[in-house]
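Asker: The structure that follows is given in the form of structure tokens.
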Amino acid sequence: MRIGQYQLKNCLIAAPMAGVTDRPFRSLCYDMGAGMTVSEMLSSNPQVWQTDKSRLRMVHSDELGIRSVQIAGSDPVDMAAAAKINADSGAQIIDINMGCPAKKVNKKLAGSALLRHPDLVAEILSAVVNAVDVPVTLKIRTGWSPDERNCVEIAKLAERCGIQALTIHGRTRECLFKGEAEYDSIRTVKQNVSIPIIANGDITDPLKARAVLDYTGADALMIGRAAQGRPWIFREIQHYLDTGELLPPLPIAEVQQIMQKHVRELHDFYGQGKGTRIARKHVSWYLKEHAPDDQFRRSFNAIEDASEQLEALEAYFENFLRK
């Protein structure tokens, strides 16, 4: 699949997830087989551009793979400026968020709230496309509510504005993450536009990935929550798409190696204090199926020191492997 001048190594993309897809996680997903990763959402509000939080979220020119940054906002001028700043800082693709269902985002008429205002959508898309020399992509939901599904209208509008790929999450804003994603809307969009379509929502395993590609005709898949604590899902899916065979479960020793490397990189990237706090949620996701009683996770979450976190993980796996 191509986005503008960029050829992805495969059709699997790691979704932008606030508080999750930081640089260490993006690098890990890329190493584990993702064809591209997208940064967590960056606000277009100029008042926050120079904060430590925003600087950590930006991509840098030394990152591996195609560097895509997602921006969010409702002011066309601010969005264009944010796109230019990120492109100048190393972003090779700018992704526009019109799919986030969070209330705090929607209250500012950003994220999926924009789907109710096609005229403003067109202004924002045109402003961003005209502001940068890199490809611009868009991520949306199928609409505001089941009674207001307008993804086909938005897709056609996006194509006219110069958007070079469109990701669609198979739920409306009203649905949040409840129930199951539906793919009929994605299939219909694919039949009505010529730009690449990326299907998103509930793609949890290789069989589901194959089924969604076949049913929707999508050019690529975007995988989000299923990669939390299981970044090797990209490798599993790609192997199945290539061979029709499922890989065996990842050996626990390899899970340990991946997790400990990830935790070390979080410590290095954020520093000991913030790094240890952020590591807690990732370790919880990794160990979901291995520590169902939560006992280890509770004790791990009380650890404040980075080296103690790594020692605790080492001891946990030693005990686990002895069982």
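Keep in mind that glycine also has a Cβ here, set from the backbone N, Cα and C atoms.
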Asker: Name the residue, out of GLN70, GLN92, GLN295, that Swiss-Prot lists for the same FMN site as PRO16, MET17, ALA18, LYS139, ASN200, GLY201, ASP202, GLY224, ARG225, please.
Answerer: GLN70
Asker: Cβ atoms within 10 Å, counted per site: which of ALA18, CYS100 has the most, among these recorded positions?
Answerer: CYS100
Asker: Among the binding-site residues LYS139, GLY201, GLY224, whose Cα is within 10 A of the Cα of CYS100 (active site, proton donor)?
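Answerer: Final answer, ordered: LYS139.
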Asker: Return the single residue from the binding-site residues list (GLY201, GLY224) that has the minimum number of other CB atoms within 10 Å.
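Answerer: It is GLY224 that, of the binding-site residues GLY201, GLY224, has the fewest other Cβ atoms within 10 Å.
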Asker: Only counting partners 6 or more residues apart, tell me which same-chain residues put their Cβ under 8 Å from the Cβ of LYS139 (FMN binding site).
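Answerer: Those within reach of LYS139 (FMN binding site), by Cβ under 8 Å and sequence separation of 6 or more, are PRO16, GLN70, ASP95, ILE96, ASN97, MET98, GLY99, LEU166, THR167, ILE168, HIS169, ASN200, MET222.
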Asker: With the FMN site defined by the record as PRO16, MET17, ALA18, GLN70, LYS139, ASN200, GLY201, ASP202, GLY224, ARG225, how many Å span the farthest pair of C-alpha atoms?
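Answerer: Overall maximum Cα spacing for these binding residues reaches 21 Å.
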